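These come from TrEMBL:
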type	residues	note
DOMAIN	62-107	domain 'PAS'
DOMAIN	222-339	domain 'Response regulatory'
MOD_RES	Asp271	4-aspartylphosphate
Amino acid sequence: MSNDRANFHFQAIRQQIARLQQEDAKVWTEIEVVLEDLQVMYEAMQANLDVATLIEQQLLQQNQHYYDLFQAAPIAYLVTDAQGIILEANSAIAQLLNLPPNYLVGKPLSLYIAKGDHLNFRARLHQLSDCYETQLWQLNLCPRKDAAFAAQLQVVVSHTREGLIESVKIGVFNLSQTHPTVSAASVLSMSDDSLPESTLLNPIAEGNLSISPLPAALDGLRVLVVDDEAGICQFITALLEAHGIGVKTVTSIAAALEEVEQFQPDVLLSDICLPGGDGYDLIRQIRAAEAHQGRHIPAAAITAYLDEDREKAFDAGYEAYWYKLSQPTELLEVVGQLAAQGK
């Protein structure tokens, strides 16, 4: 083989080696890029994991915070399943029923309902699957080693996406200070024909309850209630009318302004959250009109939220403030105090 041909072959070999080296370098470069991407992805996943861990800790803290609020709340409160088995109960309901804390969980709520109300309670419980509004029930509760007492139950149902009952949330209000017990005669029949469509079970009416003497500050008053929740309007109406108070309910600012002129209320009770405006707008309009008319209607703001701005309500023109889940007697006290101011 001539030198020229040998040199040619050597040159070809050298070129092949160089090409292989270049290809290997490209492969290693690609591998390094992939490794760098994996490192970036790992660091991002680690950062997301740290954030998720922090969020989980915050959620646990919030859950504990709200659980502590639930347990410390002055309102007696419990949660049941669709069959009325108690899933959760706070300290207030345990105290109301003279039972140790945590004793109620797993027990049927019917154990603490007067026997005369059992059929009615069961009938209403079975109807909850089709209920999507707040209901107000009245029945007698039986605490351990104590006399039965009349109670108002505010019932809210939570449904699953499939429409099944997930839980039943119940706020319990002791009416014993004004109504010792609900009479057996007032308990509705079990038959389907006699069960009313109203969300108010066994509403307070003359003859239904043992009613205490009417306070002079309440008897004969006229109260205008502004709230778009039918259940709340029914509850307030039932409570006030049981004490001889005339009640007019409306659901909007426009209707309220009209009834202020026509109904001439002695006291105004208005929800903060209203359709087409709010309770602040309503009271400002009323106070502006009163400045030219020379009159004044004592008013209280009512709300379902404890953290509502009370100072804002007072600055707008309200003289009092009432939380919807407070004891019914507190509402009577608010109305009585406002009525006294208006005299």
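Yeah, the Cβs are placed from backbone N, Cα and C, and that goes for glycine too.
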Subject >> the domain 'Response regulatory' (222-339), counted residue by residue under DSSP: helix, strand, coil >> reply: 56 helix, 28 strand, 34 coil
Original post:
Near the Cβ of Asp271 (4-aspartylphosphate), how many other Cβ atoms are there if near means within 10 Å?
Top reply: 21
